[in-house]
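Participant: After the structure tokens below, expect a handful of questions from me.
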Amino acid sequence: MKFKWEWICLGFLVCSSVSTEAENEADSEVNFDNSEVTDIDEDVGVSPQVEYKTPVPIGEIYFEETFDDGTLNGWLFSKMKKDGADDDIAKYDGRWEIEDLKENKIPGDKGLVLKSVAKHHAISAMLKKPFIFDDKPLIIQYEVNFQDGIDCGGAYVKLLSNTDNLDLEQFFDKTPYTIMFGPDKCGEDYKLHFIFRHKNPKSGVYEEKHAKHPEVDLKTFFTDMRTHLYTLVLQPDNTFEVLVDQTVVSKGNLLEDMVPPVNPASEISDPFDKKPEEWDERAKIPDVTAVKPDDWDEDEPSEIEDLSAVKPEGWLDDEPEYVPDLNSQKPEDWDETMDGEWEPSQIRNPKCESAPGCGEWSRPLINNPKYTGKWKPPMIENPNYQGIWSPRKIANPDFFEDLHPFLMTPFGAIGLELWSMTSDIYFDNFIICSEKEVANRWASESWGLKKLVASANEPGIFGQLLTATEERPWLWIIYILTTGLPLGLIIAFCWPRKKTLEDVKKKQADSVQCSTKAELEQEKEEMEKDVNLEEEKEEEKEMSEKEHERKSDEEPEAVESQEEECSKENRSPSDDEMKEADESPGSGDGPTKSIRKRRVRKD
């Protein structure tokens with residue numbers, strides 16, 4: 001058993017070391033092409049000093065922006081007012097700045113920061129060339145950091161439709177867009193929008209189509225105050241993927257996973273069809289043949305007094321449950337003509353605290369076993385049931401079928417039109433392209449570097465665990481169980497056990513038994529020696545007496561007969577006699593009994 005528990009302890013240690021090593025390897029994985037780590041001081045915990053270079057895209061690019069030059073060249077502020085808003089807040093006068101990150105900043109890396117609270121913001125820029133939906137994918141990617149968290153506000157972008165009258169200074173909430181994509185939050189509703197405007201081929205009217213909500217928990221991306229990478233990939237086969245930090249959080253098909261669907265139903269309910277008056281939708285009806293039983297008493301109350309209850313001893317019948325507060329005073333501004341007569345506030349009677357109760361005692365109520373309630377006839381199946389009525393179906397006059405919703409309206413600009421109750425929302429490294437490799441390389445040279453610095457500045461696994469308990473105190477129970485249980489098992493089965501009082505008593509009892517056994521054997525030997533000595537003395541005494549008799553006797557015959565008799569008496573018992581004595585009953589009772597039998601035979 002000891003060997004078995006030693007192997008269990010060894011297994012615990014091996015598992016712990018392997019899991020720790022795996023975590024360290026996962027944290028240390030980096031894959032950057034355009035950055036170089038120049039110095040890491042592990043002893044003092046300083047974040048790595050990195051050499052940052054502004055990323056340069058390779059391939060066909062429709063738009064890119066890093067803000068590293070510290071200017072807003074190419075970006076225009078809106079001069080419009082938000083439609084339908086109050087005049088004092090309708091104007092797009094929210095402030096934008098180019099700044100470094102507040103935390104985990106990298107020298108030379110800057111971003112666009114939304115600075116105002118409770119204001120409308122609008123800023124936009126033209127693409128290098130319009131994006132036309134044909135046989136090439138669309139990829140839009142950018143970074144967001146809610147540096148102070150987020151109460152209510154968005155960080156999404158709009159791809160503005162390429163129309164003849166597109167004017168970026170006139171950009172506002174009604175400006176036509178093709179796609180809206182990005183995070184948005186208000187209250188406890190965390191969203192990641194993907195919306196596109198689809199043109200009805202029959203009516204020419206545009207309608208918004210919303211992707212279904214991702215099934216993952218998005219809260220962390222809004223609350224951890226780290227820079228996150230948002231990517232939308234649209235394929236010509238109508239499939240799409242939404243990624244956060246290069247991990248897919250939502251995917252689907254434009255024909256199947258949008259709300260409302262792109263294509264309407266081929267049939268609709270006839271709006272002019274009406275339910276007939278005789279139509280019976282009741283599945284069950286009361287049994288008209290049923291009769292109320294004679295013993296059914298509808299007057300019995302549902303609860304009655306418990307007659308077996310007895311008033312507790314010490315109940316204070318004459319003391320009220322509440323008494324006026326003698327320390328309360330009438331307010332100075334109390335007007336009896338307006339407020340009425342002032343009365344002191346009521347407090348619980350202090351005498352009732354030590355008693356089982358105060359005031360008039362009454363028996364508690366219990367359920368009435370005779371209660372039946374109001375009688376109702378039982379329900380039976382309706383023989384005239386016709387089912388739930390629904391209007392007949394007719395062909396949808398507005399039906400159309402668009403099998404290629406990917407072929408959307410071309411767009412020629414990108415814009416941020418936002419309202420926020422939190423400031424310092426950070427945007428950086430926008431890119432619009434058609435090749436996934438180009439977007440991945442751009443991310444590795446920009447967002448990947450931020451991720452490296454943020455990971456190096458993290459407090460460590462224990463610090464993260466403690467931080468998690470601030471929002472979820474119940475995690476302490478899990479921590480105690482996951483750490484205390486293995487430690488308890490290791491201590492219980494691997495640590496040397498101390499001798500208890502019970503063990504000492506058991507050992508003493510064993511030693512007493514051993515000593516008793518040895519003393520019995522020693523007593524046995526001493527008794528055998530004493531018996532032998534007594535026998536020898538008796539033999540010598542008999543010999544001396546018989547010798548004396550032989551000498552004193554004159555007749556030789558008497559002497560001879562006496563000698564024969566003496567020799568017979570002194571003759572030792574034969575082997576058969578000894579064996580018979582040993583096998584006789586009682587020989588197994590101990591050495592004392594066997595010795596006693598031999599002495600009897602000799603006597």
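Cβ coordinates come from backbone N, Cα and C, glycine included.
Predicted automatically and left uncurated, TrEMBL annotations should be read as such.
I grabbed these lines from TrEMBL:
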- 333-342: compositional bias 'Acidic residues' (COMPBIAS)
- 554-564: compositional bias 'Acidic residues' (COMPBIAS)
- 594-603: compositional bias 'Basic residues' (COMPBIAS)
- C152-C186: disulfide bond (DISULFID)
- 260-280: region 'Disordered' (REGION)
- 325-355: region 'Disordered' (REGION)
- 506-603: region 'Disordered' (REGION)
- 1-22: signal peptide (SIGNAL)
- 474-495: transmembrane segment (TRANSMEM)
Participant: Let's check the environment of C152 (disulfide bond): how many other CB atoms sit within 10 Å of its CB?
Facilitator: 14
Participant: Would you mind listing, in sequence order, the residues at least six apart from C186 (disulfide bond) in the same chain with a Cβ closer than 8 Å to its Cβ?
Facilitator: C152, G153
Participant: Treating G and I as helix alongside H, and B as strand alongside E, what does DSSP give for the region 'Disordered' (260-280) in helix, strand and coil?
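Facilitator: Summed by class, the stretch gives 0 helix, 3 strand, 18 coil.
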Participant: Quick one: DSSP breakdown of the compositional bias 'Acidic residues' (333-342) into helix, strand and coil?
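Facilitator: With helix first, then strand, then coil, the compositional bias 'Acidic residues' (333-342) has 4 helix, 0 strand, 6 coil.
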